[in-house]
Amino acid sequence: MEGASIHKRGQPQRSTGGEEAYLKECWPLVQKALGDSHIKATLDLIEGSITVCTTKKTFDPYAVVRARDFIKLLARSVPFEQAVRILEDDMACDITKIGTLVRTRERFVKRRQRLIGPKGSTLKALELLTNCYIMVQGNTVSALGPFNGLKEVRKVVLDTMKNIHPIYNIKTLMIKRELSKDPELRLQSWEKFLPNFRHKNLTKRKEPKKKTTKKEYTPFPPQQPESQIDKELATGEFFLRESVKKRKKMEEIKVKQAEALTKRQEERNRAFIPPKEKPVMKKTNKAPSEAKIDIEAIKAKVRKAKTKKLGAPSVNPVPQTTPAYDKKKKNKG
């Protein structure tokens, strides 16, 4: 059923569609809910339409618009318990059409399922963050709730259809919810706190290896290539005799054969050329020039070694000391 346009007081509001089975069950409840606002509703099952119009007791001019939105939500398979909330003052509804946002049907189904999430978890998280009731049905997404929440729901739905995962927007909404609790940050800018997600195109288009550049357009046709007769006329071969032409061709063939023969001979001779050997470098242990040699110390070592081997007396003999009691005996005698 489609929502009717707004008319003047007393004129009917219509909505056509095929929700007869559900409306039969809840039609008394619909009449009672609209009767509280003094709105008259009639159901025509043969024509398949609902007519909503004001009465003489209707005091709220906007009540007929709310009644129209009430019919729209029922037409989009929203349960009566949720749809009746549209008749309250602070409630509004928004129906987003998503059927024409994606070209292929397979891609559309995948993105719509991404919005719902596994077992409806993504949709439930979005409902908790926006305080809205969301219903995904066919090619539309129906939302019911406060105005600020409806604005966020529409943004998330459109971004999901543009291949942006809803988890990014849910994360942003969670951060905004925590920031709104702080009274000091209410008047400040939240841009530094919000995450900045960049779109990465992983599947890049394969570019061809050989890129062809288009030539500049010219209205003139390309120049025709020269024929063999034109080339012979330019070189003067056209006017030669047949015997001279044959002789020239034979000479060109012999020159080509000679060049090919020399190339073959060179390739055969390469196998007999020995490879160049690398020169062998002898390793020489150079004495350290920085360290100075102490000649006197070496001479002293050689002298000590000789005395030990030959038993020769030492060069500087140590004088023998006589004990003190021997000196006393000599003095007495």
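Cβ atoms are placed via backbone N, Cα and C, with glycine included.
Quick caveat, the model's predicted, so the values are computed rather than measured.
Pulled from TrEMBL, these are the features on record:
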- 92-162: domain 'K Homology' (DOMAIN)
- 204-213: compositional bias 'Basic residues' (COMPBIAS)
- 204-227: region 'Disordered' (REGION)
- 265-280: compositional bias 'Basic and acidic residues' (COMPBIAS)
- 265-288: region 'Disordered' (REGION)
- 307-333: region 'Disordered' (REGION)
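Residue counts for the domain 'K Homology' (92-162) by DSSP state, with H, G and I taken as helix and E and B as strand, are 40 helix, 17 strand, 14 coil. Looking just at the domain 'K Homology' (92-162), the mean pLDDT is 93. For the region 'Disordered' (204-227), the DSSP-based tally of helix, strand and coil residues reads 0 helix, 0 strand, 24 coil.
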